[in-house]
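Take a look at the structure set out below.
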Amino acid sequence: MGIFGFSARVINSGLLNRLTNKLFSIFPDTIVGQVTAIFISGLILSPLIPCVTAKMTLLASFAVVIAQQHGYAKSSKAAVALYIAMYLSGYVFGIAFSTGGTSAAIIVGMLEKQKLNFGSYLANSFVWLLLIALVFYLILLQMFKGDKNHQPQKTTATTTKTEPMSKNEKFTMWVLIIALFFWIFGPIFNVPSYLVGVVALCAFLTQGTLSTKEFKSKISWDMIILITGFMETAQLLTDLHIDTWLANKMAPILGPVVNNIYIFIPVLCLLVVLVRTFVVYEVACMSIFYALFAESCAEVGINAFIILFITLVISQTWHTSYNQMGFDAAQAATDRSLVEYQDIQKFSWMYIVVCVVIFELSVPLWHLTGMIK
């Protein structure tokens, strides 16, 4: 609750709009500069806003304005590049942070006994985040290599004077800095992540930066209930020994797979893609594969975090037009003015293949962090 309340205040303070506008003003007014600005803005916003739709909507507004100002036609290479940059940085990158999205928070909740925090979660996900961002950034830039015909029009936007920061924005900024410090270094001081969010929320309420009306209407109470429900579901699977029963039933099939992590990773990714073709909700996929593999993997020293994180990452695929709510949200946020589905489908298969390779490269890291023994 603390994190969602904290997020509600940060979003409504105008601080993030100010920060994003500043970032866009720094980079060159070219397609390379625009894609770079969207990527960096998304990476900065990723740990700050649990609501991925809010992040994507903010970045989508910039992508649409850029396309309009520069005359990028719908389905053009420039429009596709802006859309992919917006979608990945606004919707996907956040799952690398425990505070970056509802699904990431659900992983922390399902593995409550492991006491994952901002730092320990990021320690196991940063290689994926770094490489997926770098690879797709290069893929998007490669689209314009040697393209002499692509000459963006000059922007018609005028530079507006930035107003001085308000008292509430300054207060929000300092609370944000302090909260991020304790989210990262909290384990050193034995400060749990949830307590940081609660204290930040109380600071906003006490100072009046977050009103009681906003507390009631701006916090995603349905998401809080959902996360709590999945926390209890994960515990129920263990208490009723459902995971053990499934593992025993599937042992003859799963045994050869889970015994070798380098085989297990691509097999799990393939299964997630197949299941996501029919199961639209990514959290349902996480529950399915947690129940199916948690016990078997534990027996060979593979932490359940690996199962859930890989499942969540691959669940972001958009290989069909109906299986990704994020794609629908992105289309709505851009008013379908940038791309059609067929323009971006191939990038989904690229995403899956790149992620499988990154997971294989992450195995040494997971050994170091104790997620694989």
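Cβ atoms are placed via backbone N, Cα and C, with glycine included.
Copied from TrEMBL, the annotated features are:
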TRANSMEM  37-66  transmembrane segment
TRANSMEM  78-98  transmembrane segment
TRANSMEM  118-140  transmembrane segment
TRANSMEM  171-188  transmembrane segment
TRANSMEM  262-293  transmembrane segment
TRANSMEM  300-318  transmembrane segment
TRANSMEM  348-368  transmembrane segment
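Below 8 A, the CB atoms of the transmembrane segment (300-318) and the transmembrane segment (78-98) form 3+ pairs separated by six or more positions in the chain. Counted over residue pairs 6 or more apart, the CB atoms of the transmembrane segment (118-140) and the transmembrane segment (78-98) come under 8 Å in at least three pairs, which marks the two as touching.
Same-chain residues lying 6+ beyond the ends of the transmembrane segment (348-368) with a Cβ under 8 Å from its Cβ atoms: 124, 127-128, 131-132, 135-136, 139, 261-262, 265-266, 269, 273, 303, 306, 310, 313-314, 316-319.
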